[in-house]
Structures are given as C-alpha cells and as structure tokens.
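> From TrEMBL, for reference:
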| type | residues | note |
| --- | --- | --- |
| DOMAIN | B:83-287 | domain 'ABC transmembrane type-1' |
| TRANSMEM | B:21-40 | transmembrane segment |
| TRANSMEM | B:79-108 | transmembrane segment |
| TRANSMEM | B:120-143 | transmembrane segment |
| TRANSMEM | B:149-170 | transmembrane segment |
| TRANSMEM | B:191-216 | transmembrane segment |
| TRANSMEM | B:268-287 | transmembrane segment |
Amino acid sequence: MSTSVKVKEKREKINWKEVKKQKVLLIWSAVFVIYGTIFCYLPLFGWLMAFQNYKPKDGFIHSTFVGMAKFKQLFLDDGFIRVIRNTLAMGVINLVSTFVMAIVFAILLNEVKSRGGKKMVQTISYLPHFLSWIIVTCILHDALSSTGIINELLMKFHVLEDPLNFFAYPKYFWWIVAFANVWKETGWNAIIYLSAITAIDTTLYEAAAIDGAGRWGRIKYITLPGIKPTIMILLLMNVGNVLNAGFEVQYLLGNGLVQSVSQTIDIYVLKWGISQADYSIGTAAGIFKSIVSIILIVIANQMAKRAGEERLF
Amino acid sequence: MNRRIVLHKKKKTSCSDKIFVVLNTVFMIILVIFTLYPVLNTLVVSLNDGTDALRGGLYLWPRKWTLQNYITVIQKNNLIIGAYISVARTVLGTLLALSANALLAFIVSRKRFLFKKQLSLFWVITMYVNGGLIPTFLLYKSLGLTNSFYVYIIPGMLGAFNMLVIRTYMAGIPDSLEESAQLDGAGYMTVFVKIISPLCKPVYATVALFIAVGHWNSWFDAMLYNRMSSNLTTLQYELMKLLSSVTNQSTSVEAMKNAASSVTPTSVRAAATILTMLPIVCLYPFLQRYFVTGLTIGGVKE
C-alpha cells in the first residue's frame, strides 16, 4: 500500500517536471487539437441534421426533430436504392480490376531483366496517377469520341460499321469507369507490391531454380506467397473504401443519358444537399455511407484476424 | 540480386523461358503505348489546326501545325487567373501543410511525450470518420471560409495519412541525437528544426509532393466553395468548365459550322490540358525515388 502511494507520488513529481520540460510540445498539441476539433470533429455534429427537418434559417436549435423519418424517406426513394447499387457495383468492379492489374503488373515488371527497361516502364506507368481526373476525362472523351482512336480502330477492323458514342449507352458506363481507374492507378498501386517483391529473400529463387522450377513455378510458389501479407493488408484497406470509389470520375463522365447508372452516393448527396438545399436528406445519405464503410472495415479486419493475417488495427 | 543474374546466365534458358521473356516484353511495350498514346494524342491535337482536327485521323504527328491553340489559351483571362491561384495555393498550401504535419509528427513521435498515444489516436480517428460533405460545407460557410482563398489552404492543412508517413520515418531516427542535443541545452523546437528536420528531408520531399499534386489537381473545392468568385477560380476548375462546354456541344459537325476561326473548343481544351499537366510531368520523374520510399513506409506500416 505505502509503496504504491510512494510510486504514485514519484510518478506525479516526474510528471510535473516533464510537463514543464514539454511546455512547447503541449502548447503546439493544444493548437493541433483545437484545429482538429474544428475541422474534423465539429462537422460530426452536423449529423444532427439528418434527424431534423433542418432549415438553415432555424439552425440546429429551432429545427424540428423528425427522428428516423429522413432515413425512411431515403430508403423509399428508388433513386437512392439505384445509387447504392451503382456505388457498390462500380466500387467492386474498380477494386477487383485495379487490384488484379497492379499485382500482375508488379510481378511481370519484376521479371523484366534489363534494369534500364524496368526503370523506364516504371516511370511511365506512374504518369497517369499525377494527372487530375479532369485531364483523364478530357483524354478519355477524346479517345472515345466518334472521331476518336477507339472508334477508328474498331471501324478499321470492321467491328463497327458506324462510329459509336460510348457515353450514350448505360451498358458501357461502369466499364469505362473501371478502365479509367485501371489506366490511372495501375503503375502507382504496383509500387508497394514491387517493394514487397524486392524484400523477398533471393536465395529462395536460387533454391527453386536448382530444384528445376521454371518462371511460372517461381512466381506461383515464391513471389505470390511472398507478397501475400501485403496483398491482404491492401485488400483490407480497399474494402473499407469500396463506397468511396466514386465521385470525381462519375461526376465528370456522367451525362443525362447514362444518369441511371452513373450516379453514386456522393453525387446524390451533392445533388440533394447543395443543389436542392435539402440538407437533412443529403446528410442522412452521407451518414449511411459512413456507417456502412466503417462496418465494412471492421468486418474485413475480423476476417483477416480469423485467417491469421496482418490486421489494420 | 547479382548472384541471381549470374545463375540465370549459367543455366541454359529453356524454351518456355524464352517464350515468357518475349511475351513479357510485348506486354510491357503494349502497356507503355497504352499509357503514353492518349497523352501524346492530346499533344498532337493541341498543336494541330482546330478545324482541320475535326476531320479526324490525327495520330502521332500534327497535320497542320499551329500554335494558335496555345495563343488562345494564354489570352483567356480566366485561365490566367486560374493559373495564378493554382500556383499560389500549391506553393503556400504545401509549405504550410508540410510544416504543420511535420511538427505534429515530431510531437507524437517523441517517446517521452505525455499524450503521445492520445494525440495519435485523435488524428487516426479522423481518417475513418468525418462529417461528410454537407456538414463540412455549412461549417466552412459559417466560418466565412467560402468565397475566400483560405478555403484552399486552411481546412486541408493537416492530414492523418501524411502525418503518419512522417511519424514512421521520424521513429527510425535514434533518440541519442535528441538526448545529446538536449544535454547541450537545446529545447524541443531547436531539436525539431536543427536536428530532426534535416534528417527528414527525403520524407518531407515525399509528403510535399503528395500535398502539392493534390493542390494542383483539385477542382472540387473551387466549384463548391468559390463558384461565385471568378477571381478565385483554379486552373483545373477552368479546365473542367472547358470539358463540359465541349461535351455539351451535341455533334462535332455543329462545332465545325460554328467555328469561324481555326480554333475549336476541342483544340483549345487540348492545349489547356497540356499546359496544365506540364509542371507535374516535368517534375515527377526526378522525385521518383522519394515517393517510392514514402509510399512504402506509409502504406504498409501504419
């Protein structure tokens, strides 16, 4: 008993000494906490709007509470259900296609033996990542327009008789978005896999070569298992982001003709919240998205834990 | 690495290996074309006569050379203002954000700091939970950040991801450096500025690149918060307006009829696209080794 009190006292004494010493750090921490509270945590109080019939002129205090009515309204809206479908579909298509492409690209690039060639391909592959979505959509529009290269190629090989306006048909839209994502991010996403591959013990490859394993054998039995933890952790991070997969590109590429498949939750929020100034419905949609994202992250994390893989938290 | 190559040379490459090498090379070449061609084609269109380009068939080389598209772009007042604002926000925003993130990372990576864990958690949470578009919009509005230049710089200044990248790097610096400096009477700020920061140059470069590219490429904040103030527009937002003006033109035939001069919206847009991507394209190859290491430490370790 007495010893523990003594220890406590001692710790307290050290603490005060430390506090004095760490004064600068504490002051700056306070500044950062105030900043974070304002810009990251204060908006969370705005979630109140989803449970109110929020009117800007009444503010939070005088707006009437309506409980879950806004959420009910949301789920009775066919438009919202469609938007969830679009977001999920594009999220999953993008996740799978960019993921697979990045891994394939990393593995194949690693097999390129010429150092200069490898470096050059890699540098070029990063380029699209640094371009904004605006530029990417400009380029895509040109390539897919009726006089663009894709139409010309298809006509040259007699796949098409007349030029086709790809942006006018809903059935192409999701794939155009996936294509754009693959084009933009494959090289960039491959960086992490490439560095994971270089971390693999090279003696493993030598041993495999002596045992008579060919290229495919080495890729299958050494490279892939070697980068499996990296693949798992990135998959986890991305699963939580599935619902975040769509705003800019859909917003920029979408048009009236493909509206039914192009709109995502984020666009819905923007449309209702900002253009129609119905803050309550927009916020409710935003909350739905956040909660589903967090649930997805937790589930993915649990699954990884069960599988004995690395976890996010 | 070297031993592996030697080993390969000693062994006779089998037939299937040869096929693999050929196929792999072909794949890489296709990939490079696939990546570069669209950009190159935009460059060609931007250097070609606008009305002539509507006939199609432009691939790798301009048919009718002209600089008229570029001249039209730099005579557009809104694009000049946009460029000016974009440069200003990129420079100021990057400097401020880098200093703030570095300082915060320094604080949470001090092993003796009292609230190390709590402060880290406070920021990590913000990566997963945020208020969303509308509450954020209303907050900025009530803080008077809409229709002002500050909205580009202040709200996004601190980001948990960038901070964690720097923190991971700082955690690898031996404590003895800090301790010996403190024995000589240096305070924490001196340690931060004079001892830790010089050692963190690589990671600072990485994070600065991330932040700068983000600033240069962002258009949504200009549209959402500063739509009413044409003197606060950004280059990307102006480009976006050009994009929608082109797509709204129903057919290219119509555009051809309308085009009295040799420039068309498409060709002007191509020129603006090239000018906008130029700074990044020129810069990123030289910063490659920085962002490769930065991404690796930040992405895998949290």
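Any Cβ shown, glycine's included, is placed from N, Cα and C.
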> So which residues does the transmembrane segment (B:268-287) touch in its own chain, when a touch means Cβ under 8 Å and the partner is 6 or more beyond its ends?
39, 42-43, 45-46, 50, 69-70, 72-73, 79, 205-206, 209, 213, 216, 235-236, 238-239, 242-243, 246
> Please give the sequence-distant neighbours of the transmembrane segment (B:79-108): residues at least 6 beyond its ends with Cβ less than 8 Å from one of its Cβ atoms.
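Cβ under 8 Å, 6 or more out: 73, 116, 119-120, 123, 149, 152-153, 156-159, 162-164, 166-167, 170, 192, 196-197, 200, 204, 207-208, 211-212, 215-216, 230-238, 272.
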> Hey, does the transmembrane segment (B:149-170) touch the transmembrane segment (B:120-143), meaning at least 3 C-beta pairs closer than 8 angstroms, sequence gap 6 or more?
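The answer is yes, given that the two segments have at least 3 Cβ pairs within the 8 Å cut-off.
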